[in-house]
Amino acid sequence: MTNNGFEQDQYIRNRVLLMHVKCGMMLDARRLFDEMPEKNLVSWNTIVAGLVDSGDYVEAVGLFLTMWEEFSEGESRLFATMIRASAGLGLISLGKQLHSCALKMGVGEDIFVSCTLIDMYSKCGSIEDAQFVFDDMPDKTTVGWNSIIAGYALHGYSEEALSMYYEMRDSGGKMDHFTFSIVVRICTRLASLEHAKQAHAGLIRNGFGLDIVANTALVDFYSKWGRVEDARHVFDDMPKKNVISWNALIQGYGNHGRGQEAVEVFEQMISRGMAPNHVTFLAVLSACSRSGLSEHGWEIFQSMSGDHKVKPRPMHFACMIELLGREGLLDEAFALIRGAPFKPTVNMWAALLTACRVHENFELGKLAAEKLYGMEPEKLSNYIVLLNIYNSSGNTKEAAEVVHTLRKKGLTMRPACTWIDINRSSHVFLSGDKSHAQTEEIFQKVESLMAKISRHGYVPQERHLLPDVDEREVRFPFHHSEKLAIAFGLINTPEWTPLQLVQSHRICNDCHNAIKLITVVTGREIVVRDGSRFHHFVGGKCSCGDYW
DNA sequence: ATAGTCACGT
(Lines of atoms letter the chains of each structure in order from A and count residues from 1; the text may use other names and numbers.)
(Lines give C-alpha, C1' and ligand atoms only; values in the text may rest on other atoms or scores of the structure.)
Protein backbone atom coordinates (compact mmCIF):
# COMPACT_ATOMS: atom_id res chain seq x y z
CA MET A 1 0.00 0.00 0.00
CA THR A 2 1.37 3.37 -0.94
CA ASN A 3 1.68 6.11 1.59
CA ASN A 4 -0.93 8.01 -0.33
CA GLY A 5 -3.44 5.20 -0.08
CA PHE A 6 -2.94 4.90 3.65
CA GLU A 7 -3.61 8.58 4.09
CA GLN A 8 -6.78 8.28 2.07
CA ASP A 9 -8.02 5.42 4.26
CA GLN A 10 -7.22 7.46 7.35
CA TYR A 11 -9.06 10.43 5.89
CA ILE A 12 -12.17 8.33 5.34
CA ARG A 13 -12.01 6.78 8.81
CA ASN A 14 -11.75 10.25 10.33
CA ARG A 15 -14.75 11.45 8.32
CA VAL A 16 -16.81 8.51 9.53
CA LEU A 17 -15.71 9.25 13.08
CA LEU A 18 -16.68 12.91 12.67
CA MET A 19 -20.07 11.94 11.32
CA HIS A 20 -20.82 9.92 14.44
CA VAL A 21 -19.61 12.72 16.68
CA LYS A 22 -21.74 15.29 14.86
CA CYS A 23 -24.80 13.09 15.30
CA GLY A 24 -24.10 12.87 18.99
CA MET A 25 -23.51 9.12 18.80
CA MET A 26 -20.60 9.28 21.20
CA LEU A 27 -20.60 5.61 22.23
CA ASP A 28 -20.30 4.44 18.64
CA ALA A 29 -17.76 7.17 17.95
CA ARG A 30 -15.66 5.99 20.85
CA ARG A 31 -15.77 2.38 19.64
CA LEU A 32 -14.73 3.44 16.13
CA PHE A 33 -11.91 5.48 17.57
CA ASP A 34 -10.64 2.67 19.80
CA GLU A 35 -10.69 0.22 16.90
CA MET A 36 -8.79 2.47 14.51
CA PRO A 37 -5.58 0.75 13.38
CA GLU A 38 -3.79 4.08 13.20
CA LYS A 39 -4.74 7.40 14.72
CA ASN A 40 -3.49 10.75 13.54
CA LEU A 41 -3.89 14.19 15.04
CA VAL A 42 -7.22 14.70 13.28
CA SER A 43 -8.62 11.51 14.84
CA TRP A 44 -7.61 12.66 18.31
CA ASN A 45 -8.99 16.12 17.72
CA THR A 46 -12.29 14.76 16.54
CA ILE A 47 -12.94 12.41 19.43
CA VAL A 48 -11.72 14.81 22.11
CA ALA A 49 -13.81 17.70 20.74
CA GLY A 50 -16.82 15.38 20.62
CA LEU A 51 -16.36 14.44 24.25
CA VAL A 52 -16.03 18.08 25.30
CA ASP A 53 -19.12 19.06 23.31
CA SER A 54 -21.15 16.40 25.06
CA GLY A 55 -19.92 17.57 28.42
CA ASP A 56 -17.74 14.55 29.09
CA TYR A 57 -14.79 16.65 30.21
CA VAL A 58 -13.09 14.10 32.44
CA GLU A 59 -12.99 11.52 29.68
CA ALA A 60 -11.70 14.15 27.26
CA VAL A 61 -8.87 15.13 29.57
CA GLY A 62 -7.98 11.46 30.11
CA LEU A 63 -7.76 10.80 26.40
CA PHE A 64 -5.75 13.94 25.81
CA LEU A 65 -3.21 12.89 28.42
CA THR A 66 -2.87 9.43 26.83
CA MET A 67 -2.17 11.09 23.53
CA TRP A 68 0.22 13.55 25.07
CA GLU A 69 2.34 10.73 26.55
CA GLU A 70 2.57 9.11 23.14
CA PHE A 71 3.16 12.06 20.83
CA SER A 72 3.62 15.22 22.85
CA GLU A 73 2.18 16.81 19.80
CA GLY A 74 -0.56 19.33 19.60
CA GLU A 75 -1.87 22.08 17.48
CA SER A 76 -4.05 25.06 18.15
CA ARG A 77 -7.44 23.38 17.69
CA LEU A 78 -6.65 20.63 20.12
CA PHE A 79 -5.37 23.10 22.71
CA ALA A 80 -8.47 25.23 22.27
CA THR A 81 -10.62 22.14 22.83
CA MET A 82 -8.74 21.14 25.96
CA ILE A 83 -8.88 24.68 27.35
CA ARG A 84 -12.63 24.49 26.80
CA ALA A 85 -12.62 21.27 28.83
CA SER A 86 -10.84 23.03 31.72
CA ALA A 87 -13.46 25.77 31.57
CA GLY A 88 -16.18 23.13 31.73
CA LEU A 89 -14.51 21.53 34.74
CA GLY A 90 -13.84 24.89 36.35
CA LEU A 91 -10.19 23.87 36.71
CA ILE A 92 -8.06 26.96 36.34
CA SER A 93 -4.90 24.99 37.22
CA LEU A 94 -5.41 22.69 34.24
CA GLY A 95 -6.19 25.70 32.09
CA LYS A 96 -2.97 27.40 33.14
CA GLN A 97 -0.91 24.29 32.38
CA LEU A 98 -2.45 24.10 28.93
CA HIS A 99 -1.79 27.80 28.48
CA SER A 100 1.92 27.42 29.15
CA CYS A 101 2.06 24.24 27.03
CA ALA A 102 0.46 26.16 24.19
CA LEU A 103 3.03 28.92 24.58
CA LYS A 104 5.87 26.38 24.47
CA MET A 105 4.43 24.80 21.35
CA GLY A 106 4.27 28.20 19.71
CA VAL A 107 0.47 28.36 19.43
CA GLY A 108 -0.06 30.71 22.35
CA GLU A 109 -1.06 33.58 20.13
CA ASP A 110 -3.33 31.53 17.93
CA ILE A 111 -6.71 33.19 17.69
CA PHE A 112 -8.66 30.09 18.74
CA VAL A 113 -6.38 29.49 21.70
CA SER A 114 -6.56 33.11 22.86
CA CYS A 115 -10.33 33.25 22.69
CA THR A 116 -10.87 30.01 24.59
CA LEU A 117 -8.30 31.18 27.14
CA ILE A 118 -10.24 34.40 27.74
CA ASP A 119 -13.41 32.39 28.16
CA MET A 120 -11.74 29.79 30.38
CA TYR A 121 -10.11 32.33 32.68
CA SER A 122 -13.30 34.30 33.16
CA LYS A 123 -15.40 31.18 33.73
CA CYS A 124 -12.83 29.95 36.24
CA GLY A 125 -13.07 33.19 38.17
CA SER A 126 -10.01 35.12 37.04
CA ILE A 127 -11.12 38.11 34.99
CA GLU A 128 -7.60 39.52 35.47
CA ASP A 129 -6.00 36.66 33.55
CA ALA A 130 -8.72 36.92 30.91
CA GLN A 131 -7.97 40.61 30.49
CA PHE A 132 -4.26 39.80 30.27
CA VAL A 133 -4.80 37.39 27.38
CA PHE A 134 -7.11 39.86 25.69
CA ASP A 135 -4.56 42.67 25.99
CA ASP A 136 -1.94 40.44 24.40
CA MET A 137 -4.06 39.68 21.36
CA PRO A 138 -2.43 41.38 18.38
CA ASP A 139 -5.72 41.59 16.50
CA LYS A 140 -8.80 41.91 18.63
CA THR A 141 -11.35 39.85 16.81
CA THR A 142 -15.10 39.85 17.29
CA VAL A 143 -14.94 36.60 19.24
CA GLY A 144 -12.19 38.01 21.43
CA TRP A 145 -14.24 41.11 22.23
CA ASN A 146 -17.35 39.04 22.80
CA SER A 147 -15.54 36.74 25.20
CA ILE A 148 -14.02 39.49 27.31
CA ILE A 149 -17.29 41.47 27.44
CA ALA A 150 -19.17 38.34 28.47
CA GLY A 151 -16.46 37.74 31.06
CA TYR A 152 -16.95 41.12 32.69
CA ALA A 153 -20.70 40.62 32.63
CA LEU A 154 -20.32 37.20 34.22
CA HIS A 155 -18.37 38.70 37.09
CA GLY A 156 -21.09 41.25 37.71
CA TYR A 157 -19.15 44.17 36.23
CA SER A 158 -22.06 45.19 34.04
CA GLU A 159 -21.11 48.83 33.61
CA GLU A 160 -17.55 47.92 32.69
CA ALA A 161 -18.86 45.33 30.25
CA LEU A 162 -21.12 47.90 28.63
CA SER A 163 -18.35 50.43 28.25
CA MET A 164 -16.12 47.75 26.71
CA TYR A 165 -18.86 47.15 24.19
CA TYR A 166 -18.78 50.82 23.23
CA GLU A 167 -15.01 50.65 23.12
CA MET A 168 -15.35 47.72 20.73
CA ARG A 169 -17.75 49.66 18.56
CA ASP A 170 -15.63 52.81 18.55
CA SER A 171 -12.47 50.93 17.67
CA GLY A 172 -14.20 49.58 14.59
CA GLY A 173 -14.83 46.06 15.92
CA LYS A 174 -17.38 44.17 13.90
CA MET A 175 -20.31 43.23 16.10
CA ASP A 176 -22.25 40.05 15.54
CA HIS A 177 -25.30 38.28 16.93
CA PHE A 178 -23.22 37.07 19.90
CA THR A 179 -22.27 40.64 20.74
CA PHE A 180 -25.88 41.80 20.74
CA SER A 181 -27.08 38.87 22.83
CA ILE A 182 -24.46 39.61 25.45
CA VAL A 183 -25.23 43.33 25.45
CA VAL A 184 -28.97 42.82 25.76
CA ARG A 185 -28.38 40.58 28.73
CA ILE A 186 -26.18 43.23 30.32
CA CYS A 187 -28.95 45.78 29.75
CA THR A 188 -31.38 43.42 31.45
CA ARG A 189 -29.23 43.46 34.55
CA LEU A 190 -28.79 47.21 34.42
CA ALA A 191 -32.45 47.78 33.53
CA SER A 192 -31.21 50.13 30.87
CA LEU A 193 -33.93 50.73 28.31
CA GLU A 194 -32.00 53.16 26.13
CA HIS A 195 -28.94 50.95 25.69
CA ALA A 196 -31.14 47.96 25.04
CA LYS A 197 -33.19 49.76 22.42
CA GLN A 198 -29.99 50.73 20.66
CA ALA A 199 -28.75 47.17 20.77
CA HIS A 200 -32.13 46.02 19.42
CA ALA A 201 -31.78 48.46 16.54
CA GLY A 202 -28.17 47.43 15.98
CA LEU A 203 -29.17 43.80 15.85
CA ILE A 204 -31.64 44.46 13.07
CA ARG A 205 -29.43 46.94 11.22
CA ASN A 206 -26.56 44.48 11.12
CA GLY A 207 -28.70 41.71 9.72
CA PHE A 208 -29.06 39.51 12.80
CA GLY A 209 -32.73 40.28 13.32
CA LEU A 210 -33.70 36.64 12.99
CA ASP A 211 -31.25 35.28 15.55
CA ILE A 212 -33.08 33.14 18.04
CA VAL A 213 -30.76 33.70 20.99
CA ALA A 214 -30.55 37.49 20.63
CA ASN A 215 -34.30 37.74 20.23
CA THR A 216 -34.89 35.59 23.27
CA ALA A 217 -32.62 37.92 25.21
CA LEU A 218 -34.82 40.81 24.00
CA VAL A 219 -38.00 39.05 25.06
CA ASP A 220 -36.44 38.64 28.47
CA PHE A 221 -35.26 42.24 28.54
CA TYR A 222 -38.57 43.84 27.62
CA SER A 223 -40.52 41.70 30.02
CA LYS A 224 -38.10 42.39 32.86
CA TRP A 225 -38.37 46.07 32.09
CA GLY A 226 -42.12 45.84 32.54
CA ARG A 227 -42.94 46.04 28.83
CA VAL A 228 -44.54 42.68 28.38
CA GLU A 229 -46.36 43.84 25.24
CA ASP A 230 -43.04 44.69 23.59
CA ALA A 231 -41.69 41.31 24.68
CA ARG A 232 -44.71 39.70 23.07
CA HIS A 233 -44.09 41.58 19.84
CA VAL A 234 -40.50 40.43 19.62
CA PHE A 235 -41.62 36.89 20.40
CA ASP A 236 -44.41 36.90 17.80
CA ASP A 237 -42.02 38.19 15.14
CA MET A 238 -39.50 35.43 15.73
CA PRO A 239 -39.57 33.01 12.80
CA LYS A 240 -38.28 30.23 15.01
CA LYS A 241 -38.65 29.75 18.73
CA ASN A 242 -37.19 27.18 21.02
CA VAL A 243 -38.05 26.14 24.53
CA ILE A 244 -35.96 28.95 26.03
CA SER A 245 -37.83 31.58 24.02
CA TRP A 246 -41.17 30.22 25.23
CA ASN A 247 -39.88 30.09 28.79
CA ALA A 248 -38.79 33.72 28.66
CA LEU A 249 -42.25 34.85 27.58
CA ILE A 250 -44.10 32.72 30.14
CA GLN A 251 -41.77 33.99 32.83
CA GLY A 252 -42.46 37.54 31.64
CA TYR A 253 -46.20 37.23 32.05
CA GLY A 254 -45.81 35.52 35.40
CA ASN A 255 -43.44 38.14 36.74
CA HIS A 256 -45.97 40.86 36.15
CA GLY A 257 -48.86 39.07 37.76
CA ARG A 258 -50.48 38.06 34.48
CA GLY A 259 -50.90 34.40 35.31
CA GLN A 260 -53.83 33.81 33.00
CA GLU A 261 -51.75 34.82 29.99
CA ALA A 262 -48.80 32.79 31.24
CA VAL A 263 -50.98 29.70 31.34
CA GLU A 264 -52.39 30.49 27.89
CA VAL A 265 -48.90 30.76 26.41
CA PHE A 266 -47.92 27.53 28.16
CA GLU A 267 -50.92 25.74 26.65
CA GLN A 268 -50.16 27.21 23.25
CA MET A 269 -46.62 25.93 23.54
CA ILE A 270 -47.82 22.41 24.33
CA SER A 271 -50.36 22.41 21.51
CA ARG A 272 -47.66 23.45 19.06
CA GLY A 273 -45.62 20.41 20.02
CA MET A 274 -42.86 22.22 21.88
CA ALA A 275 -41.65 20.06 24.76
CA PRO A 276 -41.53 21.96 28.07
CA ASN A 277 -38.53 21.58 30.35
CA HIS A 278 -38.00 22.09 34.07
CA VAL A 279 -37.62 25.86 33.63
CA THR A 280 -40.96 26.02 31.78
CA PHE A 281 -42.66 24.49 34.79
CA LEU A 282 -40.84 26.80 37.14
CA ALA A 283 -42.18 29.74 35.12
CA VAL A 284 -45.75 28.56 34.74
CA LEU A 285 -46.12 27.27 38.30
CA SER A 286 -44.82 30.44 39.87
CA ALA A 287 -47.10 32.42 37.54
CA CYS A 288 -50.07 30.41 38.81
CA SER A 289 -48.99 30.90 42.36
CA ARG A 290 -48.55 34.65 42.03
CA SER A 291 -51.87 35.13 40.30
CA GLY A 292 -53.79 32.89 42.66
CA LEU A 293 -54.54 30.29 39.99
CA SER A 294 -54.13 27.44 42.42
CA GLU A 295 -56.38 24.99 40.53
CA HIS A 296 -54.40 25.45 37.33
CA GLY A 297 -51.17 25.24 39.27
CA TRP A 298 -52.08 21.94 40.86
CA GLU A 299 -53.21 20.43 37.57
CA ILE A 300 -49.98 21.43 35.87
CA PHE A 301 -47.88 20.22 38.78
CA GLN A 302 -49.65 16.86 38.69
CA SER A 303 -49.16 16.54 34.95
CA MET A 304 -45.41 17.07 35.04
CA SER A 305 -43.92 13.62 35.29
CA GLY A 306 -46.78 11.75 33.62
CA ASP A 307 -47.76 13.84 30.59
CA HIS A 308 -44.58 15.80 30.11
CA LYS A 309 -41.85 13.52 31.43
CA VAL A 310 -40.31 16.24 33.55
CA LYS A 311 -39.53 15.12 37.08
CA PRO A 312 -40.50 17.76 39.66
CA ARG A 313 -37.42 19.25 41.28
CA PRO A 314 -37.13 20.91 44.67
CA MET A 315 -37.83 24.31 43.11
CA HIS A 316 -41.13 23.04 41.72
CA PHE A 317 -42.05 21.88 45.18
CA ALA A 318 -41.04 25.28 46.50
CA CYS A 319 -43.41 26.88 43.97
CA MET A 320 -46.26 24.69 45.14
CA ILE A 321 -45.45 25.46 48.76
CA GLU A 322 -45.65 29.12 47.85
CA LEU A 323 -48.95 28.53 46.07
CA LEU A 324 -50.44 26.86 49.14
CA GLY A 325 -48.78 29.36 51.42
CA ARG A 326 -50.43 32.29 49.70
CA GLU A 327 -53.82 30.88 50.53
CA GLY A 328 -52.74 30.40 54.11
CA LEU A 329 -52.75 26.61 53.78
CA LEU A 330 -49.63 26.31 55.89
CA ASP A 331 -50.22 22.80 57.19
CA GLU A 332 -50.78 21.55 53.66
CA ALA A 333 -47.58 23.28 52.60
CA PHE A 334 -45.71 21.65 55.46
CA ALA A 335 -47.20 18.29 54.45
CA LEU A 336 -45.82 18.80 50.95
CA ILE A 337 -42.36 19.28 52.41
CA ARG A 338 -42.60 16.13 54.48
CA GLY A 339 -44.05 14.12 51.61
CA ALA A 340 -41.44 15.16 49.04
CA PRO A 341 -39.54 12.29 47.42
CA PHE A 342 -36.23 13.88 48.44
CA LYS A 343 -34.67 15.63 51.36
CA PRO A 344 -36.30 19.06 51.76
CA THR A 345 -34.11 21.80 50.39
CA VAL A 346 -33.34 25.32 51.43
CA ASN A 347 -35.73 26.75 48.85
CA MET A 348 -38.61 24.69 50.16
CA TRP A 349 -38.07 25.82 53.74
CA ALA A 350 -37.64 29.39 52.51
CA ALA A 351 -41.00 29.25 50.72
CA LEU A 352 -42.65 27.95 53.86
CA LEU A 353 -40.94 30.64 55.87
CA THR A 354 -42.26 33.41 53.64
CA ALA A 355 -45.77 32.00 53.95
CA CYS A 356 -45.39 31.89 57.72
CA ARG A 357 -44.17 35.46 57.83
CA VAL A 358 -47.04 36.77 55.73
CA HIS A 359 -49.68 34.81 57.64
CA GLU A 360 -47.95 35.45 60.95
CA ASN A 361 -47.55 31.83 61.91
CA PHE A 362 -44.43 32.35 63.96
CA GLU A 363 -44.29 28.87 65.42
CA LEU A 364 -43.99 27.08 62.10
CA GLY A 365 -41.99 30.01 60.79
CA LYS A 366 -39.42 29.65 63.49
CA LEU A 367 -39.10 25.95 62.70
CA ALA A 368 -38.51 26.75 59.04
CA ALA A 369 -36.06 29.52 59.84
CA GLU A 370 -34.05 27.32 62.16
CA LYS A 371 -33.95 24.53 59.59
CA LEU A 372 -32.54 27.02 57.12
CA TYR A 373 -30.08 28.32 59.61
CA GLY A 374 -28.92 24.78 60.40
CA MET A 375 -28.55 23.76 56.78
CA GLU A 376 -26.30 26.55 55.64
CA PRO A 377 -24.67 28.13 58.66
CA GLU A 378 -22.26 30.15 56.57
CA LYS A 379 -24.82 31.71 54.32
CA LEU A 380 -25.70 35.31 54.98
CA SER A 381 -29.21 35.10 53.57
CA ASN A 382 -30.28 32.59 56.20
CA TYR A 383 -29.35 34.97 58.97
CA ILE A 384 -31.33 37.64 57.21
CA VAL A 385 -34.50 35.55 57.02
CA LEU A 386 -34.10 34.39 60.58
CA LEU A 387 -33.61 38.00 61.56
CA ASN A 388 -36.76 38.89 59.64
CA ILE A 389 -38.86 36.30 61.39
CA TYR A 390 -37.65 37.26 64.85
CA ASN A 391 -38.07 40.88 63.97
CA SER A 392 -41.60 40.52 62.62
CA SER A 393 -42.70 38.56 65.65
CA GLY A 394 -41.26 41.17 67.97
CA ASN A 395 -38.54 38.90 69.34
CA THR A 396 -35.94 41.65 69.52
CA LYS A 397 -33.76 39.68 71.90
CA GLU A 398 -33.39 36.75 69.50
CA ALA A 399 -32.93 39.18 66.64
CA ALA A 400 -30.06 40.80 68.49
CA GLU A 401 -28.51 37.37 69.02
CA VAL A 402 -28.66 36.66 65.32
CA VAL A 403 -26.91 39.92 64.57
CA HIS A 404 -24.32 39.00 67.17
CA THR A 405 -23.51 35.58 65.63
CA LEU A 406 -23.48 37.22 62.27
CA ARG A 407 -20.82 39.64 63.42
CA LYS A 408 -18.82 36.89 65.12
CA LYS A 409 -18.68 35.00 61.84
CA GLY A 410 -17.54 38.11 60.05
CA LEU A 411 -20.59 38.21 57.80
CA THR A 412 -21.64 41.74 57.07
CA MET A 413 -24.96 43.02 55.86
CA ARG A 414 -24.50 45.34 53.00
CA PRO A 415 -26.67 48.44 53.04
CA ALA A 416 -29.72 48.38 50.83
CA CYS A 417 -29.54 50.31 47.61
CA THR A 418 -31.82 51.17 44.74
CA TRP A 419 -30.85 51.92 41.26
CA ILE A 420 -32.61 53.85 38.56
CA ASP A 421 -31.66 54.51 34.98
CA ILE A 422 -32.54 57.92 33.56
CA ASN A 423 -31.45 59.16 30.16
CA ARG A 424 -28.84 56.47 29.65
CA SER A 425 -27.07 56.92 32.94
CA SER A 426 -27.76 55.04 36.11
CA HIS A 427 -28.12 56.55 39.56
CA VAL A 428 -27.69 54.68 42.82
CA PHE A 429 -29.38 55.61 46.07
CA LEU A 430 -28.67 54.38 49.56
CA SER A 431 -31.09 54.82 52.40
CA GLY A 432 -31.06 58.47 53.51
CA ASP A 433 -28.59 59.20 50.74
CA LYS A 434 -27.69 62.87 50.48
CA SER A 435 -24.85 62.56 48.03
CA HIS A 436 -26.82 63.14 44.89
CA ALA A 437 -26.49 66.49 43.11
CA GLN A 438 -30.27 66.97 43.18
CA THR A 439 -30.61 66.01 46.83
CA GLU A 440 -32.58 69.03 47.92
CA GLU A 441 -35.13 68.67 45.15
CA ILE A 442 -35.40 64.92 45.77
CA PHE A 443 -36.12 65.28 49.47
CA GLN A 444 -38.69 67.98 48.77
CA LYS A 445 -40.35 65.69 46.27
CA VAL A 446 -40.45 62.87 48.83
CA GLU A 447 -42.06 65.18 51.38
CA SER A 448 -44.75 66.32 48.96
CA LEU A 449 -45.38 62.75 47.81
CA MET A 450 -45.76 61.52 51.37
CA ALA A 451 -48.18 64.35 52.09
CA LYS A 452 -50.22 63.51 49.00
CA ILE A 453 -50.47 59.80 49.68
CA SER A 454 -51.32 60.45 53.32
CA ARG A 455 -54.56 61.90 52.04
CA HIS A 456 -55.15 58.51 50.42
CA GLY A 457 -54.73 56.71 53.68
CA TYR A 458 -50.99 56.17 53.90
CA VAL A 459 -49.68 55.83 57.42
CA PRO A 460 -45.92 55.48 57.91
CA GLN A 461 -45.21 52.13 59.49
CA GLU A 462 -43.54 51.88 62.82
CA ARG A 463 -41.03 49.09 62.73
CA HIS A 464 -39.43 47.10 65.47
CA LEU A 465 -36.09 48.43 66.40
CA LEU A 466 -33.29 46.41 64.89
CA PRO A 467 -29.97 46.41 66.68
CA ASP A 468 -28.15 47.52 63.58
CA VAL A 469 -30.47 50.12 62.21
CA ASP A 470 -30.26 53.84 62.58
CA GLU A 471 -33.12 54.99 64.77
CA ARG A 472 -34.05 57.80 62.43
CA GLU A 473 -34.67 55.28 59.73
CA VAL A 474 -36.97 53.25 61.91
CA ARG A 475 -39.10 56.23 62.78
CA PHE A 476 -38.91 57.65 59.31
CA PRO A 477 -39.06 55.14 56.52
CA PHE A 478 -39.51 58.17 54.23
CA HIS A 479 -35.92 58.13 53.13
CA HIS A 480 -35.58 54.51 52.08
CA SER A 481 -33.55 54.17 48.93
CA GLU A 482 -36.54 53.17 46.79
CA LYS A 483 -38.49 56.29 47.77
CA LEU A 484 -35.52 58.51 46.93
CA ALA A 485 -35.05 56.80 43.58
CA ILE A 486 -38.72 57.19 42.74
CA ALA A 487 -38.72 60.87 43.67
CA PHE A 488 -35.66 61.34 41.50
CA GLY A 489 -37.31 59.48 38.64
CA LEU A 490 -40.49 61.53 38.89
CA ILE A 491 -38.55 64.78 38.79
CA ASN A 492 -36.47 63.82 35.79
CA THR A 493 -38.89 62.12 33.42
CA PRO A 494 -41.94 63.28 31.48
CA GLU A 495 -45.28 62.59 33.06
CA TRP A 496 -46.31 59.48 31.18
CA THR A 497 -43.01 57.62 31.58
CA PRO A 498 -43.08 54.41 33.57
CA LEU A 499 -40.31 54.06 36.15
CA GLN A 500 -38.09 51.03 36.46
CA LEU A 501 -36.08 50.42 39.60
CA VAL A 502 -33.64 47.69 40.46
CA GLN A 503 -33.15 46.90 44.05
CA SER A 504 -30.58 45.02 46.04
CA HIS A 505 -32.94 44.02 48.82
CA ARG A 506 -36.43 42.86 49.58
CA ILE A 507 -38.86 45.76 49.47
CA CYS A 508 -40.23 46.74 52.88
CA ASN A 509 -43.89 46.86 53.76
CA ASP A 510 -43.96 50.58 54.12
CA CYS A 511 -42.42 51.26 50.72
CA HIS A 512 -44.75 48.71 49.16
CA ASN A 513 -47.79 50.54 50.52
CA ALA A 514 -46.37 53.91 49.61
CA ILE A 515 -45.52 52.96 46.03
CA LYS A 516 -49.00 51.57 45.44
CA LEU A 517 -50.44 54.94 46.40
CA ILE A 518 -47.80 56.85 44.46
CA THR A 519 -49.06 55.16 41.28
CA VAL A 520 -52.51 56.50 42.17
CA VAL A 521 -51.51 60.11 42.82
CA THR A 522 -49.08 60.37 39.90
CA GLY A 523 -50.73 58.05 37.38
CA ARG A 524 -47.34 56.41 36.74
CA GLU A 525 -46.49 52.79 36.30
CA ILE A 526 -43.64 51.67 38.53
CA VAL A 527 -41.74 48.41 38.24
CA VAL A 528 -39.46 47.39 41.07
CA ARG A 529 -37.22 44.40 40.57
CA ASP A 530 -35.12 42.83 43.26
CA GLY A 531 -32.94 39.76 43.03
CA SER A 532 -35.77 37.34 42.68
CA ARG A 533 -39.12 38.95 42.11
CA PHE A 534 -41.07 41.74 40.52
CA HIS A 535 -43.41 44.33 41.80
CA HIS A 536 -45.33 45.84 38.95
CA PHE A 537 -47.30 48.70 40.46
CA VAL A 538 -50.14 50.23 38.50
CA GLY A 539 -53.30 52.02 39.60
CA GLY A 540 -52.78 51.35 43.29
CA LYS A 541 -52.21 47.63 42.87
CA CYS A 542 -49.12 45.44 42.77
CA SER A 543 -48.59 42.35 40.63
CA CYS A 544 -47.39 40.40 43.67
CA GLY A 545 -50.82 40.62 45.25
CA ASP A 546 -49.17 41.90 48.44
CA TYR A 547 -47.33 38.64 48.97
CA TRP A 548 -43.57 38.52 48.72
C1' DA B 1 -13.63 29.68 19.83
C1' DT B 2 -17.72 33.42 22.10
C1' DA B 3 -24.25 34.39 23.28
C1' DG B 4 -30.36 33.70 25.48
C1' DT B 5 -34.89 31.33 30.10
C1' DC B 6 -34.34 29.47 36.22
C1' DA B 7 -31.07 29.75 40.86
C1' DC B 8 -36.49 32.88 46.70
C1' DG B 9 -32.37 37.99 50.12
C1' DT B 10 -29.16 42.68 52.07
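Don't overthink the numbers, they just go from 1 along the chain as shown.
Backbone N, Cα and C atoms are what each Cβ position is placed from, and that goes for glycine too.
TrEMBL entries are annotated by machine, without manual review.
The feature repeat 'PPR' is assigned by TrEMBL to A:141-175 (among others). When pLDDT is averaged over the repeat 'PPR' (A:141-175), the result is 95.
As annotated by TrEMBL, repeat 'PPR' applies to A:211-241 (among others). Residue counts for the repeat 'PPR' (A:211-241) under DSSP, helix first, then strand, then coil, are 23 helix, 0 strand, 8 coil.
Here the repeat 'PPR' (A:242-276) has long-range neighbours at 212, 215-216, 219-220, 222-224, 226, 228, 231-232, 235, 283-284, 286-288, 290-293, 296, 300, 308, 310, 527, 533-534, 536, 542-545, meaning same-chain residues at least 6 beyond its ends whose C-beta is under 8 angstroms from one of its own. Positions annotated as repeat 'PPR' by TrEMBL: A:242-276 (among others).
Residues or ranges marked as domain 'DYW' in TrEMBL: A:457-548.
Assigned with DSSP, the residues of the repeat 'PPR' (A:242-276) fall into helix, strand and coil as follows: 26 helix, 0 strand, 9 coil.
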